[in-house]
Structures are given as C-alpha cells and as structure tokens.
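I have placed the structure first, in the form of structure tokens, so that the comments after it can refer back to it.
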C-alpha cells in the first residue's frame, strides 16, 4: 500500500515510529506537511499538490495534525477523503473532538460520565457560575489549550473568581470543572484502535502538580483498567467517530470520568510504559480497513 502521514515534522517520535511500522510491513510511505499542500477544489477530479507535484495513488492517510493547524489540516484530509483515500481518522471526527465544548456535549448526551462542567465566555454572574458546578475547588481551562497549558486549579472561591475574571480579560472561552480530588493528580490514558482498548497507562503528575501531562513532568506507568473503564473509553471514541484515539479518564468515587478524547495521541509515553508496538497496530488496522475505502462517518452528530 501507499500510505501518507500528515505531519509537520518527520523527526517527531510518533511520526518516526509510524514510518518504521509502514516500512516494516512492506508499505510505501511519505510524510506530508499539510500546511504546504495546496488543493484544486473546483476540478471534476479533486487534486492535492505538494512541492510542485500532484499527490496521487495513495491508499490511506494517517493524520497527525497539531491543534494549532486543525482548520487547514482537516481541510487537506477532507480533500484526501474526496479522492477516495482511506483516513485512519476522518476529518469530521478530528474536528469534532478538537472542539472541547462540542465533544463534551456529545458525550453527555450519550450518558458518558464526566466531571461537572460549566462553559462560559463573558458570564454576568461569576458566583452563580461557580455555584452551578458545585463551588471551589475547581479546575479552570482555556478552551484552546493543549498539553496542560491554560489550566489552573483554583482551591478557593476567591481564587476561582480571580482566575475567571482574568481569563475573561483575555476574551477567551473558558471551561470550569469540578476538581476530582480522589484522582490524586493522576489520569488513565486508554489507547483505542477500532473497537478495542489496545493499551493503557497511568499518568501521574509531578510532586505538587495536579496536571498529569507528560509534557509537564508527569510520569507514565503500566496500569490494569477495569471493565467499566474499558467500556467507557471505547464508547467515548465511538461517539467521536474516531478509529484511533487516546481517551483520558479520571478514577472517581462515582466511576470513570472522561476528561478528553484525543484524535492524535502521542505514541512515545504509551509505547514506553507498555512495551507494545502501537504504531504497528495502527498500520495493521489500516491494512484491514483501507481496502473497502470506507470513509463514512462512524460517529453520530
């Protein structure tokens, strides 16, 4: 097969591993920077050009689209879909999961457990917003943040009000969530491919750090997940319509709570923690599914 990887940097761990996995399994592989692609939209035959040549003959494409280039990256992916190229994750599913408000609305509509969450832009009554989510302590997030950036734990009502007012000054949309104390600064990353959790790791925040992101000094270790956690992760990925997803769960007194469904989960932490060839599993999934050229949205909404 001829497989394209949409990635801006071929030297990133996840991209390198996917290149290796494609080559090991006998496929032709090419890394494509989506931002450098340009497209013919109006033609009877949709085309993508890159570095002065037409990109043609691809059987499948693996999107590794960074959050900052979601709009153009998914537009390029959509063009590949129009050309009949099989996407490991569909453009509509990526767009859906990148919108934190939309994804949480979809998950809540289907009864998926999640922390009590408030969304706001310019709330008239900050006190009422805090009451609505059960009061302090709360976690306050900028909607556009990734890797733990723009995430603040406010332990008192006064601190929460100050942070919300400061974020409002940035003219940013914000999310206010209950703080799940019993999670102890840890979360579970479930790696879903198709309809299976193929690996899971526990991410523990550094000392004194409530965020468990590995980019912020968190550590990863192998974890055994419960049947309920497995079911929740699979269902969350399915609702988003993602074939490949990293589902982040918190362990709470009322069961697993979904924090986020990531459409471009990193491979380094989870491969190191579990010793599994996850890149190979992604390519194997593509081999089984690309032949049928199925690009119909798996999710609803």
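Cβ coordinates come from backbone N, Cα and C, glycine included.
According to Swiss-Prot, the protein carries these features:
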| type | residues | note |
| --- | --- | --- |
| BINDING | 141, 178, 179, 187, 211, 212, 213 | ATP binding site |
| BINDING | 248, 260 | Mg(2+) 1 binding site |
| BINDING | 248, 260 | Mn(2+) 1 binding site |
| BINDING | 260, 262 | Mg(2+) 2 binding site |
| BINDING | 260, 262 | Mn(2+) 2 binding site |
| DOMAIN | 104-287 | domain 'ATP-grasp' |
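Sequence-distant neighbours of residue 260 (Mg(2+) 1 binding site) (same chain, six or more apart, CB under 8 Å from its CB) are 100, 103, 247, 248, listed in sequence order.
If you take every residue in the domain 'ATP-grasp' (104-287) and average the pLDDT, you get 91. Set side by side, the binding-site residues 178, 187, 248 differ in how many other CB atoms lie within 10 angstroms of their CB, and the most is found at 187.
Cα-Cα distance from residue 262 (Mg(2+) 2 binding site) to residue 187 (ATP binding site): 14 Å (rounded to the nearest whole number). Reduced to three states, the DSSP call for residue 179 (ATP binding site) is coil. In this view, residue 141 (ATP binding site) is surrounded by 22 other Cβ atoms within 10 Å of its Cβ, with every protein chain counted. Within 10 Å of the C-beta of residue 179 (ATP binding site) there are 17 other C-beta atoms, taking all protein chains into account.
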